[in-house]
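Per Swiss-Prot, these features apply:
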- 1-51: topological domain 'Cytoplasmic' (TOPO_DOM)
- 12-35: region 'Disordered' (REGION)
- 52-72: transmembrane segment (TRANSMEM)
- 73-512: topological domain 'Extracellular' (TOPO_DOM)
- Asn94: N-linked glycosylation site (CARBOHYD)
- Asn236: N-linked glycosylation site (CARBOHYD)
- Asn462: N-linked glycosylation site (CARBOHYD)
- Asn476: N-linked glycosylation site (CARBOHYD)
- 513-533: transmembrane segment (TRANSMEM)
- 534-547: topological domain 'Cytoplasmic' (TOPO_DOM)
- 548-568: transmembrane segment (TRANSMEM)
- 569-584: topological domain 'Extracellular' (TOPO_DOM)
- 585-607: transmembrane segment (TRANSMEM)
- 608-619: topological domain 'Cytoplasmic' (TOPO_DOM)
- 620-640: transmembrane segment (TRANSMEM)
- 641-660: topological domain 'Extracellular' (TOPO_DOM)
- 661-681: transmembrane segment (TRANSMEM)
- 682-701: topological domain 'Cytoplasmic' (TOPO_DOM)
- 702-722: transmembrane segment (TRANSMEM)
- 723-730: topological domain 'Extracellular' (TOPO_DOM)
- 731-751: transmembrane segment (TRANSMEM)
- 752-1093: topological domain 'Cytoplasmic' (TOPO_DOM)
- 849-881: region 'Disordered' (REGION)
- 849-867: compositional bias 'Polar residues' (COMPBIAS)
Amino acid sequence: MKCWHNVVRRRRKKPTAAAAAKGSKGSHGGVASPRDEDAICQRQQQVDTYTWLTTQAVPLLWLHLLLLVAFAKHAAAATTIATNPEATTTTVSNYTVTTTALSSSTTTTSSGSAPALSSAADKFAGNWANLEDSFRNIVRIGDGNTVTRTSIEQSLVTIHDIATENLGTLCISTLYRPLQVPINSERYESSRQKTDLAASILQEVGIIRHGGLSDALAKGLLTDDFITGARILALNLTNGAVQSYVWWVKGTAAEIQRYDEDGLQIGKKPAGSYPWFDDETSSPTLRSPKFAPSPPNNYYKGWWTYPYFSCSQSRWLVSYSIAIPPIGRHGLRGFISIDIDVSTLRVNQCEAEPYPFGSRRQKMQQLQTHNRLGARRSLFLGSRMGAIDESTINDLQAFHSSHKCHRTSMVCDYRQPSAETPTVTGGKLLTTLTGSSSWTRGSYQCLCRGGFYSLRHPDGFNGTIMEIAWQEQQDNISNYYSEVFKCLPCAPGCDTCTGPEPCLANYHWPFRISLLTISIGCACGTFVLAGYLFRHRRVKVFKVASPIFLMITLIGCAIMYLEMVAIFPYLDTTWCIATKWTRHMGFCITYTSLLMKTWRVSLTYRVKSAHKIKLNDQQLLQWMVPILLVMLIYLGTWTISATPTAEVILDQSQLKFKQCSYNWWDHSLAIGEVFFLAWGIRVCYNVRNAESLYNEARLISYAIYNIALVNIAMVVFHVMLFPNAGPDYKYMLGFVRTQLSTTTTIALVFGPKILRVFKGQGDKWDQKAKVRSITASFSLNGVGLVPEESPDLYQENEELKEQVQKLAHQIEFMKTVHMQMNNRHLKPKPGGYFTITSTSFQAPYSKNTVSTAQTQTGKDENSTPTKLKSPKGKVXRGQRSVKDCSIEIDGGQGRTTLVEDAIEFNFHLADTEKGLIVQEDERPGSDEEEAALIAQFRRLFAPILDDSLNLYYQLNDLDDTEHVRIHQTVAQMNDLTSSEEETMVTQVNSPSPPPVGVELLLPISSDSSTASSSLYAIHTPSPAHPSGVLLMPQNLESPLLSGSDAITITEQVELHNPPHHLQLLEDENNTSCSLSSNLTDSKTLDGRTPIVV
């Protein structure tokens, strides 16, 4: 189709020439007639059909036959590429592997090649593995032609014989020795086009009509740089005899000479030994075995020969011949042929990238094919295959990758042979005959690849020796090729070596397995401990330590233990990723959980305000999650963007082993962890003096110190002290770091707790913590010493603040009381709660060691029995004191005593006042009611006074000492002076609202040298509070005596006599009973407010 298309295109381009051709009566004036063009296209179509049958149909039949034979014999052995170079292939653009069968183009090769191919087919059929060789046996060169491996090997033998003068009778009997491999004709495309043009001219003009035209055309062809000889023959169409010929050759000095050949004689046929000529009678279409097949998709007017050696010219030549058809039936048939010297080309048997000849579009197509097949080509081509360069322009591409080096262990290196290069037979290369030494078999050196070595031939193996050794192995003469001429593999891990010395560091597997077993056991023990903690999470020793944070700590420790699993095997990318994640994520989880608990203690310990800092587990988890999220995002980004890989490092013996790479991701994370450790150390330093339940804060601080110290120490060991340590030493350092940091943390945090549980003290509170008054704020879970049901912390805080305020008010109240009692240096405040009635200070102790507590109420005219309740309408009740008081009452018949406690309240009447006591005989049961009233008084005031005095004297030891000294001085002064006071006692027996008569006695002077102060009180029953006691203001005007003068009502209360063997300070403390009320509110009691019991 392409031929017909070209014909149509030429007709359109030259309509004038076609018209001239029609009027010339069949003569051709330089333009082919349509009839000739049609004949040419028909002949080309026949040639293409025949080519397809010989190159594709027949090989397909052979392929099916080989498959059937292979499946029938069931071969199991496989011959490797190293021992069978025939199994190699090249897959560049001109070496594309085809799927045609192992067969020759029956008419394209010499008669001797068919038996060789048949024997090769029989050889391959017996082995299934060698079936692949049939696919690799046929290769394609740059211009599209195909060639078999057998043809290549036979051509190499021919080249070797010629190069080593092993010619025999070649140049005597046979002047030409052709090869069986085609040459890439694209390099001589310009020469071919010139020859086609000359053939077209001769065809149009005619050979005999112009005698000088043939000489002119032959000489013109010699102007081409590549053409060294041109010949034009005029042959008889009937018998094929030579009618005339011209043969011009280019001399050594570039002069043109006529060449006379004995094989060409007028009237005789040309000799059949000429490789550039074939008779049309034997080969009508000139598809002779002497000619190489034309490249596909290309139309040539003539045929290229195989390269051949010319003994007469002593050079390697290739010819292009064109048969010129006759003009008529009885005309002459022309024949034109040119010779191109290819002696300057070289036989390069190594892998090389072919030079892309042809047009620009063809070069681009070849480059695209080269890029597309690059991955597959790298499996077969040597390591020296590089980019397309100018050094391959002179290579015979058919011989590429035909070397005999072992493919897996050797690489071919082309060496240009010199004239002095010796051969195996002891001779030298033929340079006088060939004029060049580039046409030599074995012009290469087999060098050991990286990872292989040869002790006998460290510089490589000579290519000629490798060719002979391979041929001997093929002929079963010797096995030196596979046993002697080979490279041995280096020890594992060696890129290059010169011997069998090891390159990888040795791994002591029993030692590593023992450390791994311990680490896995610790990880399993951590999970068991987590289950034990979950089961006993309600035990107080675990509950106060936040079980959720303890569980998180155990999870982090288990992850840190698993790092030993990640660094156990030979490291690669997967294990390096696992190493980074287990190391840093485990550290972050463990360290953060411990730090959060310590931070809670730090914040509570440093607080200076009265506000409660509420830090429960949920809040700490909310602070912990962002820290873990930052680490998670960092490790994820690291893994995706710059995946950690295993890099090779050297130990002190220069042995290699793999270690995970360290880059700026590691350095940045290390800096962040250092700052994190520094913050943890700062927090632990702040709580160094803080007290906590079970001493947990201090143990966690020790654990954090230990983690920081161990990590810093291990960095120093790895980087500074042992930078070239071997893999076992590094694994041991990792084990030590894991055990010192993780196991020690578990022992410090969980060891004391588990020990207490085993001792049966898990549910018992820490007694030392109780003694140190450890509150809930200093507990690591924010609860402290609490029952099972935790109360509201805010309510607890408010109650504590209220108690503190009440105690402060009581202390201030007692200070005022003790300052004003019997202190003559202070002027009493009018209307105060305690008022001294006499300006003369009375001694607290009389001569008979009886002290009198004097109390006087202020005067309040509006004080009535109906206003005897507290302002809030509640009755203020006292609390029973731990230190009870006993009360004695002197009645009319004698002394009535209530002995319930160690301290007594004695109500004595002075001797001078006994006569003024109102008779109570008319009221039955007065003594019992009086005793009940006094008991109520004791229960109200005694406990408050006792607790307040104890607290006051504890806080004011110096003031208490001075107070006792003042009392001693006043007592001595009272011994020298005496005074009398009038005392009146009235008893009101009627509870009814109407006025009841009260019998009053006149005051009688007391015989005692000392008199007590007055405590004014009225004993009046009331409906709400029968037999109640009402403390009235001073100078209270009785409603019974409203018309008379105000009468002062007193009641003397005398405390019991202190023991004589006690010191004065102790006596002073024991004689004090509380007179204050422990009310529900925290306000200071007003002195004028009545208290109802």
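Backbone N, Cα and C atoms are what each Cβ position is placed from, and that goes for glycine too.
Each residue contributes its Cα atom, and for Asn236 (N-linked glycosylation site) and Asn476 (N-linked glycosylation site) these two points are 53 Å apart. Touching of the transmembrane segment (585-607) and the transmembrane segment (702-722) is concluded from the presence of at least three CB pairs under 8 A, sequence neighbours closer than 6 excluded. Counting other Cβ atoms within 10 Å of each Cβ, the glycosylation sites Asn236, Asn462, Asn476 show the lowest value at Asn476. Comparing Asn476 (N-linked glycosylation site) with Asn462 (N-linked glycosylation site), their Cα atoms are 21 Å apart once rounded. Nonlocal intrachain contacts for the transmembrane segment (548-568), taken as residues 6+ away from its ends with a CB within less than 8 angstroms of a stretch CB, comprise 512, 515-516, 519-520, 522-523, 526-527, 529-530, 533-534, 542, 575, 578-579, 582-583, 585-594, 596-597, 617, 620-621, 624, 731, 734-735, 738, 741-742, 745-746, 749-750, 781.
According to its DSSP assignment, Asn476 (N-linked glycosylation site) is coil.
Only residues 6 or more beyond the boundaries of the topological domain 'Extracellular' (641-660), in the same chain, are considered here, and those with a CB under 8 A from a CB of the stretch are 493, 502-507, 570-573, 575-577, 579-580, 724-727, 730. Non-local neighbours of the topological domain 'Extracellular' (569-584) in the same chain are 559-560, 562-563, 631, 635, 638-639, 643-646, 658-661, 669, 673; each lies 6+ residues outside the stretch with a CB under 8 Å from one of its CB atoms. Listed as Cβ neighbours of the topological domain 'Extracellular' (723-730) (distance under 8 Å, sequence separation of 6 or more from its ends, same chain) are residues 505-508, 511-512, 650-653, 655, 657, 659.
Annotation note: Asn236 (N-linked glycosylation site) sits in a strand segment as assigned by DSSP.
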